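Visitor: When I checked Swiss-Prot for this same protein, it listed these features:
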type	residues	note
BINDING	F25, A59, W60, E61, A83, V84, I85, N116	5-amino-6-(D-ribitylamino)uracil binding site
BINDING	S88, T89, R130	(2S)-2-hydroxy-3-oxobutyl phosphate binding site
ACT_SITE	H91	active site, proton donor
Amino acid sequence: MAIRRIEGLLHLASEGRYAILVGRFNSFVVEHLLEGAIDTLKRHGVSEDNITVAYAPGAWELPIVAKKLAASDKFDAIIALGAVIRGSTPHFDFVAGECAKGLGVVALESSLPVINGVLTTDSIEQAIERSGTKAGNKGSEAALTAIEMVNLLKAI
């Protein structure tokens with residue numbers, strides 16, 4: 001008996017419906033993440049009709065909007081994008097931690113892929129690097145993960 005292998009395939013992207021959830025805070029970074037995510041979805045065959053972009057004020061609000069999007073049954077995956085940049089107070093730790101935790105809870109409770117594309121960086125420079133310059137575009141990477149997860153869950 002052969003071992004069965006289950007994987008999500010990137011070439012089946014056109015079959016999915018994707019919500020991109022964007023935290024507007026630090027928009028100078030997040031806009032590039034959004035561009036990267038949309039470009040990646042489209043390059044993998046996703047029609048613009050199957051992409052919805054929703055905006056929240058910031059990373060703190062992403063989990064509750066993700067929960068509402070998941071409950072709508074209109075999407076196969078949610079891609080959460082945002083940028084939390086460390087400052088001189090502990091606010092960063094609370095926002096980054098609760099955002100990640102909340103997105104994870106939504107994914108588990110809804111059985112829907114909720115991809116965490118929220119940058120958590122120590123500096124503005126790091127955030128800029130991860131939004132399309134030296135360190136690639138994490139929005140694009142999040143979109144690839146969403147495509148793979150949609151197809152993986154369909155294959156199970």
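Cβ coordinates come from backbone N, Cα and C, glycine included.
These figures come from a predicted structure and were not determined experimentally.
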Visitor: Compute all pairwise C-alpha distances among F25, A59, W60, E61, A83, V84, I85, N116, the residues listed as binding 5-amino-6-(D-ribitylamino)uracil, and give the largest one in whole angstrom.
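Guide: Answer in Å: the longest Cα-Cα distance is 16.
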Visitor: Output, ordered by sequence, the same-chain residues six or more apart from A83 (5-amino-6-(D-ribitylamino)uracil binding site) with a CB under 8 Å from its CB, or 'none'.
Guide: G23, F25, N26, V29, V30, L33, A59, V118, L119, T121, A127, S131
Visitor: So, in DSSP terms, is A83 (5-amino-6-(D-ribitylamino)uracil binding site) helix, strand, or coil?
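Guide: For A83 (5-amino-6-(D-ribitylamino)uracil binding site) - judged by DSSP and reduced to three states - the answer is strand.
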Visitor: So for H91 (active site, proton donor), how many other CB atoms are inside 10 Å of its CB?
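Guide: That number is 12.
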Visitor: For I85 (5-amino-6-(D-ribitylamino)uracil binding site), write down the residues of its own chain that are at least 6 apart in sequence and whose Cβ falls under 8 Å from its Cβ; none is a fine answer.
Guide: N26, V29, F92, L119, T121, D122, S123, I124, Q126, A127
Visitor: Report the nearest neighbour of H91 (active site, proton donor) in space among the binding-site residues W60, E61, N116, comparing Cα positions.
Guide: W60
Visitor: Spatially, which candidate from the binding-site residues W60, E61, N116 is nearest to T89 ((2S)-2-hydroxy-3-oxobutyl phosphate binding site), comparing Cα atoms?
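Guide: Closest by Cα: W60.
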